[in-house]
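Enquirer: Okay, handing you the structure first.
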């Protein structure tokens with residue numbers, strides 16, 4: 001078993017990692033020459049304000065009284081500057097958003113491994129090119145742009161990370177801290193000659209990062225009064241800062257101002273995915289070099305925002321987030337960031353037409369430089385006869401476009417030059433994408449080859465070792481030929497040589513060579529394949545097609561449930577009909593009724609709103625009360641059932657019930673403390689972490705009797721789950737577990753009248769039983785149904801409470817009983833454990849099913865992995881690299897989720913075995929059932 005687990009983990013880790021090489025490699029190249037506009041810039045300095053987590057609609061819309069939340073910003077829109085929506089990309093997190101604005105490129109996902117804080121890849125940014133930069137705000141954001149500052153020209157001032165507390169009394173202090181320090185800075189500069197001379201230089205940037213709005217959005221939701229008040233505060237302080245700066249520089253008209261946001265936020269206070277509320281951020285620019293407002297009679301956009309915001313008569317100019325970087329570079333006359341893919345929004349510039357044309361020409365050359373470097377790198381790493389260049393932008397065409405654009409500028413045909421340069425930029429960007437994804441098909445082909453090979457090999461293992469279909473069929477090769485291994489070795493050597501001469505990364509060797517041993521193992525089992533085909537030929541065709549179509553339908557329902565949660569409801573309704581198509585309805589009517597009731601009850605959850613959007617603490621407390629009632633019933637029934645009730649067992653039940661009571665009190669107390677803005681009480685925090693730690697130990701103290709151990713696992717898990725719940729999802733594990741208990745009974749009833757003898761009752765079966773491997777039976781067709789049931793319940797465990805396949809579905813408020821200070825890894829780990837608790841409950845029930853049906857863990861588990869891999873392969877083909885960023889991000893996350901689920905299943909299986917078979921006892925060591 002250990003060999004198969006190790007091999008399976010290795011294969012699935014490779015398949016999981018492949019997605020990052022195929023779709024998430026770093027887009028950066030190095031070796032370009034800096035490019036800047038060869039004309040005097042309109043501004044000497046620039047002030048960049050970034051309101052973290054600010055949604056465009058919340059800034060631009062009018063409140064219920066018809067007044068603007070940001071009157072100063074609205075006045076700028078109508079009288080002083082240009083405005084629009086800055087469209088961000090997935091992932092809508094703080095670091096990628098700031099990198100896009102300040103460096104001009106869209107961050108690769110490798111930054112998530114460092115919590116979006118550190119630089120996984122070194123890059124150039126606007127701040128690197130300035131003469132001086134002063135910045136104030138969050139240490140997470142400022143540090144990444146100051147890292148590697150060799151000229152010591154980037155100055156940062158940030159508050160302590162512990163100030164980023166979602167439960168603090170007033171998180172607007174994060175923004176007032178920034179504004180106060182900026183005011184103090186300019187006041188100090190008047191009395192410090194050295195500082196005064198620096199701030200009067202040209203090519204300088206003042207960067208203000210404002211985290212209060214994002215923190216208030218997470219803590220109180222964007223529709224809250226706190227969020228709106230924070231916007232009003234920022235608007236008021238913006239006006240004061242502008243006045244302070246203008247007074248300091250004597251109204252010289254050489255300061256440009258930009259106010260924007262890194263990302264938006266959903267209505268339930270999350271971000272990370274591609275919902276328009278997350279990707280639409282405000283963009284307002286005014287001051288030196290910025291065009292004044294333009295009155296228009298009509299504007300055409302795909303949305304109705306203009307009418308909702310009462311701004312239909314002021315020209316709206318939307319940009320991509322990466323366009324901010326070249327705009328700022330052109331305004332203050334510094335080189336464009338080397339890796340920028342942004343396009344200057346020249347219509348926002350209040351400069352000469354010559355400056356606009358020269359800036360666009362510089363922009364085109366800067367992006368073309370990246371294209372040339374990327375093409376050269378790929379050409380040098382590919383055999384000449386295999387290299388396929390990007391035909392739409394040949395060397396000749398590049399030269400012709402540049403020569404023609406320069407000619408237009410000399411002839412003062414500036415509009416034509418701008419249009420031609422924009423055409424060249426789009427071609428260069430297409431070429432960059434072409435070379436960036438040059439090896440995608442090659443890598444994807446090898447991954448699919450490995451996928452199909454592994455699934456085939458796992459199927460053959462099941463047929464050969466755990467199935468009675470092969471009895472009477474000879475599967476032994478009489479004289480194994482040496483031709484097969486020699487052929488595979490030759491192919492391996494050829495592939496290695498092919499990759500070596502192209503200087504491919506080491507991961508390419510893994511993807512290309514891994515399928516070889518897998519397929520070698522498959523082809524070694526030719527006799528098994530032949531025997532299986534022979535037996536299939538004797539199977540009635542209609543029956544075979546019926547089973548096949550039923551299996552395909554089941555897998556499609558699982559796949560569709562990733563897109564539409566109500567498919568789980570349809571699936572559960574279908575499962576409720578299971579007793580009617582078998583003899584269970586007549587043999588075990590009470591159990592069948594219980595199955596139908598809990599299937600239909602669980603089917604309600606996928607129809608509920610996504611978790612976190614409407615918190616309801618009373619539902620959490622209600623779920624705790626139901627657990628207590630159920631615990632009282634179980635304690636009473638156990639006392640009646642046993643002649644002598646062990647004191648230790650009674651104490652354990654009471655301790656677990658007390659743990660649930662504490663969880664309810666902590667949830668209620670923390671909720672009210674945060675509502676009063678008194679923060680997270682220390683006692684509540686200590687109790688929460690204690691309950692979490694004890695939930696891993698408590699079940700191991702219970703007796704290994706099947707029902708007792710499973711119920712102990714449920715109560716311990718619920719005490720933790722309550723602490724991590726914000727609404728109706730607290731009821732979900734309870735209903736799911738009830739269905740799992742009935743499932744165990746149903747499976748035993750299914751075998752009662754089969755060829756397998758089941759003499760023991762569920763109430764007397766122990767997890768430590770069935771140690772004899774001879775007691776484990778062969779697989780039958782009904783076991784495929786059992787494996788499918790497990791996968792279906794696992795998918796239901798994930799999506800049943802609204803964990804839609806995106807980052808924004810995970811509500812940070814669910815961890816507030818444990819911590820409120822922002823910590824991505826701790827919060828992520830707690831949210832992950834919340835997701836895994838229903839998984840653990842299902843896997844423990846699966847362990848019980850294996851015991852009651854006398855199955856070996858390996859046989860049934862391989863079938864489960866196969867079904868999951870078929871789903872993963874399905875999603876691999878559904879991955880998109882075009883269309884909306886919501887579709888692209890969702891398609892990739894689907895694959896990541898199903899692959900993670902497959903990998904986690906191995907660990908969850910081990911955890912479930914430990915929780916069910918181990919017992920903390922001073923009197924001997926308990927046995928375990930066969931695995």
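From the backbone N, Cα and C atoms, a Cβ is placed for every residue, glycine too.
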Enquirer: Among 441-463, 648-670, 763-785, where does TrEMBL put the label transmembrane segment?
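Expert: Based on what TrEMBL states, transmembrane segment spans 441-463.
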Enquirer: According to TrEMBL, which stretch among 506-523, 524-541, 704-721 corresponds to the feature transmembrane segment?
Expert: 506-523
Enquirer: Grab the pLDDT values for the domain 'GPI ethanolamine phosphate transferase 1 C-terminal' (430-884) and give me their mean, rounded.
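Expert: Averaging the confidence scores along the domain 'GPI ethanolamine phosphate transferase 1 C-terminal' (430-884) gives 83.
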Enquirer: By a Cβ-Cβ criterion of under 8 Å, what residues six or more beyond either terminus of the transmembrane segment (892-912) are in contact with it?
Expert: 5, 8-9, 12-13, 15-16, 19, 23, 273, 562, 794-795, 798, 805-807, 836, 839-840, 843-844, 846-847, 857, 861, 864-865, 868-869, 871-872, 875-876, 878-880
